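Inspection log for the structure reproduced underneath, given as C-alpha cells.
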Amino acid sequence: MTIGVLALQGSYNEHISALRRLGVKGVEIKKPGQLDNISALIIPGGESTTMAKLAEYNNLFPALREFVKMGKPVWGTCAGLIFLADKAIGQKEGGQELVGGLDCTVHRNFFGSQIQSFEVDLSVPELSAQEGGLPSFHGVFIRAPAIVEVGPGVEVLAACPVSLKPTTSNSDADAQEEKTKPEQKVIVAVKQGNLLGTAFHPELTADTRWHSYFLKMLPKEDEPALTTLAVIEGGVDLNAGQTPEIEMPIYQY
C-alpha cells in the first residue's frame, strides 16, 4: 500500500516524512501515470497558483479529477484544499484551474499575506475521538485559505476564530465594537466522502493524527497497520515513551 504526495512544489517532503513516521510508504507524484500505482493521494500546501501552472504544464488535471471520481482518498492541505474545492474566491484575475470534488467555497488567502501567518490550538473533537490524544490540534496557518461555504454533504471537522483575520480598520471605536461582538469562526477542516481538506499544515508539526485519520479513510482491506502515536501535553510520545525521529524541520511548540 503506497500513498502518493503531489510533488510539484510546496511541503511534499514533510508529508512523506510524516507518513514514514507512521510506517507508511509515501512517494512523489509528478506525472499522470504515477497515479495508477497509489492507493491514496495528498495534495500539499505551497503556492497554489504556481502549483496549478505546473499541474497544467504536466497535464495532471484530467488525471487528478479522474482519481477523485474513482473514490480513492485524497487530502488537500492549504493550497491542496484550494485545489479540491469546487469553487475558489479571492483569486487573481482569471483565477486558477481546480480539481474540484469538495462541495465548498474556499477563500484564497483569507487570513492575509505571508507576514500574517499564525499558529493556534484548534478544537478537533472528531479527530480526538478517532485518534485519541488531546482534544485540540496545534494548527500552523501560512498565508492560509478558509472555507466560507459548505454543501449539505460536507462534515465540518474544525473551525478557527475569525478574529485572527487581519483587520483593515485603525479606528479604536471599530476595534472596541469588534470586541463586544460574539466570537465568530470560519471553517478550516472538512471531510466529504473520500475527500479531506485542511486549511492548515499538519505536516509541519510532530502530531501525526491527521495523517493517521486520513489513512483510515482507505478501504479496510487496504488500511495499513500504523505505528501508534500517543499525543501528550508538551509534545508526543511514540510507542510508550520513545521519542519519534523527526527527519524534516517542523514547528515545535
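Placed from the backbone N, Cα and C atoms, the Cβ positions cover glycine too.
Unlike curated entries, TrEMBL annotations are predicted automatically.
As annotated by TrEMBL, active site, nucleophile applies to C78. Taking the Cβ of C78 (active site, nucleophile) as reference, residues of its chain lying under 8 Å away and at least six apart in sequence are, in sequence order, G10, P44, G45, G46, I142, R143, A144, P145, T198, A199, F200, H201.
Summarising the annotation, TrEMBL assigns active site, charge relay system to H201 (among others).
Cβ neighbours within 10 Å of E203 (active site, charge relay system), excluding its own Cβ and spanning all shown chains: 28. The active site, charge relay system annotation in TrEMBL covers E203 (among others).
Residues or ranges marked as L-glutamine binding site by TrEMBL: G46, E47, S48, R108, I142, R143.
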(request) Excluding G46, E47, S48, R108, I142, R143, please set out which residues of the same chain place their CB within 8 Å of the center of the CB atoms of the L-glutamine site, keeping sequence order. (result) G10, G45, T49, C78, A79, I82, N109, A144, P145
